[in-house]
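*Asks:* Grabbed the feature section from Swiss-Prot, which reads as follows:
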type	residues	note
BINDING	C133, H345, H349, H355	Zn(2+) binding site
DOMAIN	210-409	domain 'Peptidase M12B'
DISULFID	C320-C404	disulfide bond
DISULFID	C360-C388	disulfide bond
DISULFID	C361-C371	disulfide bond
DISULFID	C475-C495	disulfide bond
DOMAIN	649-681	domain 'EGF-like'
DISULFID	C653-C663	disulfide bond
DISULFID	C657-C669	disulfide bond
DISULFID	C671-C680	disulfide bond
Amino acid sequence: MGWRPRRARGTPLLLLLLLLLLWPVPGAGVLQGHIPGQPVTPHWVLDGQPWRTVSLEEPVSKPDMGLVALEAEGQELLLELEKNHRLLAPGYIETHYGPDGQPVVLAPNHTDHCHYQGRVRGFPDSWVVLCTCSGMSGLITLSRNASYYLRPWPPRGSKDFSTHEIFRMEQLLTWKGTCGHRDPGNKAGMTSLPGGPQSRGRREARRTRKYLELYIVADHTLFLTRHRNLNHTKQRLLEVANYVDQLLRTLDIQVALTGLEVWTERDRSRVTQDANATLWAFLQWRRGLWAQRPHDSAQLLTGRAFQGATVGLAPVEGMCRAESSGGVSTDHSELPIGAAATMAHEIGHSLGLSHDPDGCCVEAAAESGGCVMAAATGHPFPRVFSACSRRQLRAFFRKGGGACLSNAPDPGLPVPPALCGNGFVEAGEECDCGPGQECRDLCCFAHNCSLRPGAQCAHGDCCVRCLLKPAGALCRQAMGDCDLPEFCTGTSSHCPPDVYLLDGSPCARGSGYCWDGACPTLEQQCQQLWGPGSHPAPEACFQVVNSAGDAHGNCGQDSEGHFLPCAGRDALCGKLQCQGGKPSLLAPHMVPVDSTVHLDGQEVTCRGALALPSAQLDLLGLGLVEPGTQCGPRMVCQSRRCRKNAFQELQRCLTACHSHGVCNSNHNCHCAPGWAPPFCDKPGFGGSMDSGPVQAENHDTFLLAMLLSVLLPLLPGAGLAWCCYRLPGAHLQRCSWGCRRDPACSGPKDGPHRDHPLGGVHPMELGPTATGQPWPLDPENSHEPSSHPEKPLPAVSPDPQADQVQMPRSCLW
C-alpha cells in the first residue's frame, strides 16, 4: 500500500476560512490578519555610555540622533538614526474640527516629532525609515534582497511597547492595484511586498534642490478607520509624509510639510467611490485653503476605496497651478509606505511624469521595489525614480513648469523658538548644519549655530566657500519664455524667491500667453506628444472631433466621469488635435487616434491622443489642451472653456513700467537693461525689486555699455578712414562729393595677391558730409592736370618668400 499524506478533517473549510481572512478588503489593500514575525526588543544605545542599552519601556526623550540595537534572524543590527529635521516646515500647523464644525488650529513645535531616517551600520546600501512615537515601527532595508519591517507587538493600544516583531517583507502579501479598470479574478492579483526606498547620503547644505511645500488632508472615513483617534490619524499622515520625502529626495525634491488636516466631523469636500469626482471636488476646496494657507500641493488621503483598482488620481502637469495642484490617494495598505508610494506617484504626475514604459526602469528590479512611476501599484515600496522620469522632469522645468518649487519654505512664518541643530536657519541663528555629531560644515559651528571666524555664510545658492557671492551674480537662470532670472543681493546667502512673468504676458513670439510661469501653446503641446515634426491641426479638426463628446473628442468629464462635448467656441480647449510627428518618448502610454474631416473639399487628418487602458485612470487630462493656452485674441482656456481675459492686472502694471519693462508675478516691474526699478523711468541696470540687483557691482561694465551705445554709430566712419589710410597706394582726394581712390595711387594692376588676407579690395565711396555742404577742393590734390607730374611709385611684386603683399607708402590727406 502506497504512502499518502494524512489530511485532517475539515481542511477544505479551514483553507477557505483562511483565504477569506487573507483576501484583500477594498480600501485596505494589505492582507488583514497577523503575519507571524520574530519577537525582538530594540534598545536605544545611549551616547556617552557605550553599549549600555535602554529598554523602550523606559522614558527616553526623542533625540536628534541616536543608535538603536536589535536582532533580525540571528543577525545583530545597529541602526544609525537621524531625526528628519526638515520634514515639518517653519510655521507648520495641524487642523481638526470641533463638534460645532469650527476649525481648531494648533501650531506645535515643528522640530519636536518622532520621525527618523537613517541607515544600518556596516551595510553601505542600507536605508531606514522609522517612527518612534509609540514603540518603533518602520522599514529596514539592508540590500536589494533583504528588507524587514519592524513594529510593536502587541499592536498599538497596548501599554507594553517593549515587545516588537520583525519580519521579512516577502512575508507580506499586498493588493496589486493598477491604474486601469481591471479587477483581479484570482490570486494573480497578489504579489509580494518588496523592499523600499533607496538610501541617500547626508544632506548637503550647498546642493541646489527644489522644495515641495506639502499639505496633507485625511478625510472623515480615514479618521473613522483610525477608531476616531485624532493622534493616531495625525501620526499616520506624518509617517506617510516621511516616506514621500524619502522617495522625492531621489529627484532632488525635499518635502516640507506646511500642515496636515483631519476632517474629524465630516468631509469638507465630496468624497465618493468615483476618483474623478472626488479629485475635482477636493481641488475646488483646495483653492479656498490656498488663499488662507499658501502651499505648493495638497494631497487628500481617503479611507474609501475607489471604483475598480484605482488607488490615486492627479492632473498631469498640475503642479503650482491654482486650479490643479493636488491629488487624491486611498490609504490602501496596512503599512504607511503603501499610501506614501501612491502619493509620490500622483505627485510625479503633477510634475509632468507619465508611467514608465517597459524597459525604462533599469535602476531597480521589480522584485527589489521597482521605480515609483510604474503603471501598477503591485510593488508598493519603490526605490527610485527612473531615468525616464528624470528626463521628463527636466523637460517640465525647462518649459517653466513647477516654478513654485524653487522657493524654500518661508522663514518669516510664525514659528516656535529656534532650536539649534534642527537643520533650519531660524531667528537668532547665523547657520544651522544639523546635529553636531555629523556636521561637517567648514563654515558653521554646530554647537551654537554661529559662523566660523572669517565666514560670511554657510548655506545657500549665493554662498561659495563660506563667502557671499557679489551682488549681481546670477543665482537662478530663467527657465523658459515666461521665467525671469534672479541675482544674488550681496548681503544674503540665498537666492531671491523665484518670480516669473505675470499671467497674460505674450510669449512664444506672440503665439501664446504666460500662465502660471509656463507658456502653453498648441505647437509646443503637439510636439511634446508627437515629436518635433508635429504641429496643430486646422481649427476644423477641433470643431468636428471635440463636438462628439466621447473618448476621442471632448471638453473633459463631469463629476460622474461622463465625457462632455465642446461647444463651438470652446473647441480649441478640448482634446488636442495635431498633424504629423510620431509618438514621443516624453509621452509613453499614449497612442495616436487619427480622424478625418472634410475642409474645403479636401480630407484633412486630425491626430488626437488616447491613453492606454493601463495608464488612463490616474492620469487626468492626458491629451487635452493645457489651461492657459491661447484660443483666440485675448482669450485663454480655463476649465475647458475659452474665456475672454482682458488681463487688466497686466495692463495696469505695464502702465506703471513706462514701456521700459515687463511685469512679474508679484505685479512689480522687471526693467529692461538701462532702466532702474521700481518703475523703469530712470537710468539703471535693469531687473526688479524682486530679482536682486543686476550686475550692480560692475559699474565699469555698465559705463562701457553706455559708451559703446554712443560710439557704435561712429564705427563705420572710423573704419572707412582706416581703410583709406591703409589701402595700397591709395591717394585720397577731397572733392565736392566726398572721397574716392586716385588711380594714380593704385597698386598693382592685378590688385593684391589673391592669398593676401585682404583679398580683392573694392573701391569705396562716401556720400556728402553730414551738413550737406561740399568739401572745398584742394588745388594740390585736384584732378586737374599738373605741370609737375608726380614721381612714379615703384612697382609692387609679391614677395616669393612670404604670403603677403609689399605695401606702398600710404596716401595722406
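Heads up, the Cβ atoms here are built off N, Cα and C, so glycines get one too.
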*Asks:* Of the binding-site residues C133, H345, H349, H355, which sits closest to C680 (disulfide bond) by Cα distance?
*Replies:* H349
*Asks:* Which residue counts does DSSP give the domain 'EGF-like' (649-681) for helix, strand and coil?
*Replies:* 8 helix, 10 strand, 15 coil
*Asks:* Secondary structure at C371 (disulfide bond) (DSSP, helix/strand/coil)?
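*Replies:* DSSP call for C371 (disulfide bond): strand.
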*Asks:* Using the alpha carbons only, what distance in Å do you get between C371 (disulfide bond) and C360 (disulfide bond) once rounded?
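*Replies:* Per the Cα atoms, C371 (disulfide bond) and C360 (disulfide bond) stand 9 Å apart.
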*Asks:* Which one is closest to C669 (disulfide bond) in space, judged by CA to CA distance, out of the disulfide-bonded residues C475, C653, C663?
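*Replies:* That would be C663, the closest of C475, C653, C663 to C669 (disulfide bond).
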*Asks:* Between H345 (Zn(2+) binding site) and C388 (disulfide bond), what C-alpha distance do you get in Å?
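*Replies:* Taking the Cα atoms only, H345 (Zn(2+) binding site) lies 14 Å from C388 (disulfide bond).
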*Asks:* In Å, rounded, how far does the Cα of C663 (disulfide bond) sit from the Cα of C133 (Zn(2+) binding site)?
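*Replies:* Between the Cα atoms of C663 (disulfide bond) and C133 (Zn(2+) binding site), the distance comes to 49 Å.
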*Asks:* Do you know offhand how many angstrom separate C671 (disulfide bond) and C133 (Zn(2+) binding site) by C-alpha?
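*Replies:* Distance (Cα to Cα, whole Å): 53 Å.
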*Asks:* If you average the pLDDT over the domain 'EGF-like' (649-681), what number do you get?
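*Replies:* Reported value for the domain 'EGF-like' (649-681) is a mean pLDDT of 94.
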*Asks:* Taking just the CA atoms, what is the gap between C361 (disulfide bond) and H355 (Zn(2+) binding site) in Å?
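*Replies:* One finds 10 Å between the Cα atoms of these residues.
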*Asks:* To which of the recorded positions C133, C404, C495, C657 does the lowest count of other Cβ atoms within 10 Å belong?
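*Replies:* Looking at the recorded positions C133, C404, C495, C657, the Cβ with the fewest others within 10 Å is that of C133.
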*Asks:* Quick check for the class: what is the C-alpha distance, in angstrom and rounded, between C133 (Zn(2+) binding site) and C495 (disulfide bond)?
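*Replies:* Cα to Cα, C133 (Zn(2+) binding site) and C495 (disulfide bond) are separated by 37 Å.
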